[in-house]
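These features come from Swiss-Prot:
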- 11-31: transmembrane segment (TRANSMEM)
- 53-73: transmembrane segment (TRANSMEM)
- 93-113: transmembrane segment (TRANSMEM)
- 127-147: transmembrane segment (TRANSMEM)
- 160-180: transmembrane segment (TRANSMEM)
- 188-208: transmembrane segment (TRANSMEM)
- 243-263: transmembrane segment (TRANSMEM)
- 276-296: transmembrane segment (TRANSMEM)
- 314-334: transmembrane segment (TRANSMEM)
- 350-370: transmembrane segment (TRANSMEM)
- 387-407: transmembrane segment (TRANSMEM)
- 418-438: transmembrane segment (TRANSMEM)
């Protein structure tokens, strides 16, 4: 029991800064929305539309670079720290190549925006302008993620938290300058949010790079031979590990976007109730997601040490802590669901629907916690392909079709409306949780030599 208690303390020490970093990131989006809304409703809508396109594109790159964390954790655990600098350099090359692709996609996103049904031309122009300002921050964001993944792979999660809050503090005044046109800058409205956020991502990257350069604990990792050329072998391996994670993230984000589109014709009350429940459950998701990042670090480190039993302990402890957290958040959600809904809206119909959907959200929080921590465990074992196949099958083959049938057809029961889609979420997430656990059990039952050989690749 003592080993699990000790492991839980180490996991929480890693996870809490990640949680706070995610809070800072979420707060940046909130600040952008509020400040753009203070300028005009059209600008706020433009920021919302632009963000809905920015997120899938940038999260694809973010997911690709997550491969660095288990690689660095494993090298650190095995005492091969001299190889980490080369992996990080290749991470920067990969981030640079992906940035170009993301920027091209975002520059041409106007075709998608203007094809939206009945969109106001002025709104479309502002959304395109916002994206074309924001896209210059894509390299800064992805380079920051490489530096952050280096730190987290070395079990240092506090720098990411500090840089997150630094970004938030810089974002507010820079937003003010570019939205309203102060200190000689042009008055850009919502487009100014894009300029400010792009600038903030570069500030966060430069600050993180400065920390790494001066940190005593990373002196042995610094590159003294220049930046070096791309290494096709290392980059290929990073892509093999990262691409399944990137695709899983992309399909998860697009799933919720598709459901939002399917709910939109059902009416204002249904859309508002769905959005409130989804927004709140997304906030709760920060806890298991951050714990999953910590589990990846611990599992990778233990495998680097050659301890498959230590990796099992880290995995089981992570699941136990995650389930306990999920039970607490589920009880909190059930108990205060009406009060929470009232924070968003005071329309009785909207509040009633949101409260009903939050009951379903409380049910799936446990499954969601298990599946996301399971994903973190599999990343630690460098078994990322299974993450993609499991999430794609659970969300798109099981969850979305069953949600559609329950919500919009009479095939099984009378049409359930938004609640049907939430039942689909429960089916999809529970399926993912079960499949993740089966895959984890299969991996852990393999001979230690095979597990360690996979981890050392």
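Note: Cβ is positioned from N, Cα and C throughout, glycine not excepted.
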Intrachain neighbours beyond the transmembrane segment (160-180), with Cβ under 8 angstroms and 6 or more residues off its ends: 17-18, 20-25, 27-28, 31-32, 35-36, 39, 43, 144, 148, 151-152, 186-193, 195-197, 199-201, 203-204, 207-208, 211
Maximum Cβ pairs under 8 Å to the transmembrane segment (276-296) - stretch from the list 53-73, 243-263, 314-334: 314-334
Touch test for the transmembrane segment (314-334) and the transmembrane segment (11-31), at least 3 Cβ pairs under 8 Å: yes
Cβ contacts under 8 Å made by the transmembrane segment (93-113) with residues that lie 6+ beyond its boundaries: 49, 53-54, 57-58, 60-61, 64-65, 119, 124, 127-128, 131-132, 134-136, 138-139, 142-143, 145-146, 230, 235, 238-239, 242
Dominant neighbour of the transmembrane segment (387-407) in 11-31, 53-73, 127-147, 418-438, by Cβ pairs under 8 Å: 418-438
Chain residues outside the transmembrane segment (418-438) and at least six past its termini with a C-beta under 8 angstroms from it: 255, 259, 262-263, 266, 270, 273-274, 277, 353, 356-357, 360-361, 363-364, 367-368, 370-371, 374-375, 377-378, 387, 390-391, 393-395, 398-408
The transmembrane segment (53-73) vs the transmembrane segment (350-370): 3 or more CB pairs under 8 Å: no
Close approaches to the transmembrane segment (243-263) from elsewhere in its chain (Cβ under 8 angstroms; 6 or more beyond its ends): 52, 55-56, 59-64, 66-67, 270-271, 274-275, 278, 375, 379, 384-389, 391-392, 395-396, 399-400, 403-404, 407-408, 418, 421, 424, 428
